[in-house]
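Q: Mind having a look at this structure? Questions to follow.
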Amino acid sequence: MQRLDGVIRNYAWGSQVDLAKLQGREVPAELPEAEEWFGAHPTAPSILDDGRPLDDAIASEPARFLGRRVLDEFGPRLPFLLKLLAADKPLSIQAHPNSRQAHSGHTRELRIGIDAAFRNYVDGNHKPELIVALTDFRALCGFRDPLVAADEIEALGVSGLEKLVTTLRDSSSGLRRAVPDLLGLDRDECREIIAAAAKAATAMHASGAANESGSDAVLIELARFYPDDPGVLVSLLLNHLRLEPGEAVYMPAGNLHAYLKGFGVEIMAASDNVLRGGLTSKRVNVPELLRVLDFRTMPEPRAIVHDEGPVRDWPVPIDDFALRRIKVGSEPQSFTVDGPRICLCTGGTVTVADAGGELTLTPGHAAFSEAAAETLTVTGEGELFLATV
């Protein structure tokens with residue numbers, strides 16, 4: 001058992017409050033703190049108590065740190081990445097590749113010789129994700145019914161959106177045609193349409209005629225940040241999701257999504273492959289995004305919740321990771337896991353122990369338990385997230 005120091009990522013959309021407050025640091029933080037990474041991704045590996053980056057430690061003794069099962073299935077690398085994510089502003093509208101697309105794209109870009117800073121595929125891994133809300137959390141996630149979207153867009157009565165409405169009502173290929181059309185709009189034209197749509201949505205709210213999906217409210221919000229970005233209009237095609245603490249959303253490969261605001265624990269396959277279509281000042285690659293998108297609708301984006309006593313988990317259809325939230329009370333709880341574990345405290349004071357020793361964690365701090373230690377015991381009063389394979 002070793003303490004694991006995460007790496008804070010200072011992106012413009014991050015919060016100057018959430019992470020600092022959780023960890024008992026001075027608020028506000030000097031810079032926006034968007035994410036804290038706990039894992040072994042080479043972009044920003046966490047540091048163990050002994051001073052080694054986690055990826056180096058795993059490379060030196062993979063069987064000890066990962067266990068034979070994980071080593072055989074995934075090779076000498078930690079297959080997941082755990083994060084604290086704090087969004088104070090909307091993130092980019094984005095999707096992630098599946099394994100085949102990631103491997104092919106990464107290989108292609110290496111062969112061509114694209115500089116690392118300009119690659120779409122920084123590694124060869126897929127990037128399915130699960131995020132669990134710690135606070136009220138809002139997100140856009142997956143395509144909604146195009147016919148419902150068409151009705152709500154038509155109700156705005158905005159010149160310039162008539163073609164979009166007609167396209168969406170072609171149920172056989174509406175979304176597949178509508179998204180490229182929107183992302184290809186000229187910025188000046190886009191600014192004009194967004195301004196008119198935001199004005200119409202504001203008037204609808206004032207008259208008490210806001211739509212049930214919340215898409216008009218999201219439009220108004222995004223228009224303030226990105227008045228000429230096509231991603232604002234694409235948001236009208238996506239599910240608007242409000243998560244309460246403890247609820248989660250799972251995003252498979254190809255799922256178009258954007259976090260809007262909130263604080264949560266996120267786990268994903270160990271990848272940093274992001275294909276962006278808008279709502280960002282970062283590099284956008286629309287053709288590559290369209291290549292990986294899954295245009296099927298997602299009627300219910302929320303992840304299934306499974307509760308068993310003080311333990312909650314959210315089953316996912318992939319093998320790279322599993323996540324449990326443990327409400328820690330007076331009685332010790334033991335967990336036998338065949339593989340590596342990262343323990344992240346999000347409330348109270350929690351002591352975690354394995355065959356190699358014990359550590360007491362406070363909110364926002366983590367520990368790594370290697371596979372060789374097998375059984376993990378948890379005591380104290382608080383909340384702990386346990387990330388495993």
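Each Cβ is built from the backbone N, Cα and C atoms, and glycine gets one as well.
Relevant sequence annotations retrieved from TrEMBL are reproduced here:
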DOMAIN    1-144  domain 'Phosphomannose isomerase type I catalytic'
BINDING   Gln94, His96, Glu129, His257  Zn(2+) binding site
ACT_SITE  Arg276  active site
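What's the neighbourhood like for each of these?
A: Annotation for His96 (Zn(2+) binding site): same-chain Cβ neighbours under 8 Å, separated by at least 6 residues, are His126, Lys127, Pro128, Glu129, Met251, Ala253, Gly254, Asn255, Ser271, Asn273, Val274, Leu275, Val292.
The number of other Cβ atoms within 10 Å of the Cβ belonging to Arg276 (active site), over all protein chains shown, comes to 21.
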Q: Please list residues from the chain of His257 (Zn(2+) binding site) whose Cβ is under 8 angstroms from its Cβ, counting only those at least six apart in sequence.
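A: In sequence order, Ile93, Gln94, Ala95, Ala139, Leu140, Cys141, Gly142, Leu238, Met251 meet the Cβ cut-off.
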Q: Let me know how many other Cβ atoms fall within 10 Å of the Cβ of Glu129 (Zn(2+) binding site).
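A: There are 22 of them.
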